[in-house]
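Asker: Take a look at what TrEMBL says about it:
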DOMAIN    1-196  domain 'TRAP C4-dicarboxylate transport system permease DctM subunit'
TRANSMEM  52-72  transmembrane segment
TRANSMEM  93-119  transmembrane segment
TRANSMEM  139-164  transmembrane segment
TRANSMEM  176-200  transmembrane segment
Amino acid sequence: MTMVIILGGILSGVFTATESAAVSVIWAFFVTMFIYRDYKWSELPKMLHRTVRTLSIVMILIAFAAAFGYIMTLMQIPSKITTAFLTFSDNRYVILMCVNFMLLALGTLMDMAPLILILTPILLPVVTSFGVDPVHFGMIMLVNLGIGLITPPVGAVLFVGAAIGKVTIENTVKALLPFYAALFMVLMAVTYIPAISLWLPSVVL
């Protein structure tokens, strides 16, 4: 039911993809407290306290990532890297591989939101000049940065998952190693098979 509410709301235009996260939280709270009744109302303050603690970790990471992104912008590091890519090769596939390496590296150091804001206006004109569809590039960026969210040293989702599961980052990363390999293969498929990214928009839109 949760997926129906989220996808139905997004596709129908009732709310955005970002707002769907808040809707999911409200739905999960309703199901937990009124249908399954897994928790008592007396436990609500404790749950809110745990939520705030987890949220504080995420907010601190985002704050530091935003500050780091601001410094990178002042130093014009992304534009210098892009220029280096263009001088390195004029082959589209090589450029896409370089973009992947760049996004993966930066994705492990910064949060997804500031990276999208910083790198999209820089990289989009570069890849489109090589004939890459903007939607295709968007999917490449999201997959790369999604991998970065679960990769140390600044993987926000990695830290949150470890905190919720009450396990160390080291043990979490060891358990994720097979999934990193699978995600890398998915990334290569998304990068070099544009139809994976473009067939659904072509059908829906």
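First residue shown is number 1, and so on along the chain.
A Cβ is built for glycine as well, from the same backbone N, Cα and C atoms used for every other residue.
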Asker: Please indicate, using numbers and ranges, the residues of the same chain that are 6 or more beyond the transmembrane segment (176-200) and have a C-beta under 8 Å from a C-beta there.
Answerer: 93, 96-97, 100, 132-133, 135-136, 138-140, 143-144, 146-147, 150-151, 158
Asker: Give residue numbers and ranges for long-range contacts of the transmembrane segment (52-72): same chain, 6 or more residues beyond its ends, CB-CB under 8 A.
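Answerer: 78, 109-111, 113-115, 117-118, 154, 156, 159-160, 163-164.
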Asker: Could you please provide the mean pLDDT value for the domain 'TRAP C4-dicarboxylate transport system permease DctM subunit' (1-196)?
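Answerer: Across the domain 'TRAP C4-dicarboxylate transport system permease DctM subunit' (1-196), the average pLDDT comes out at 85.
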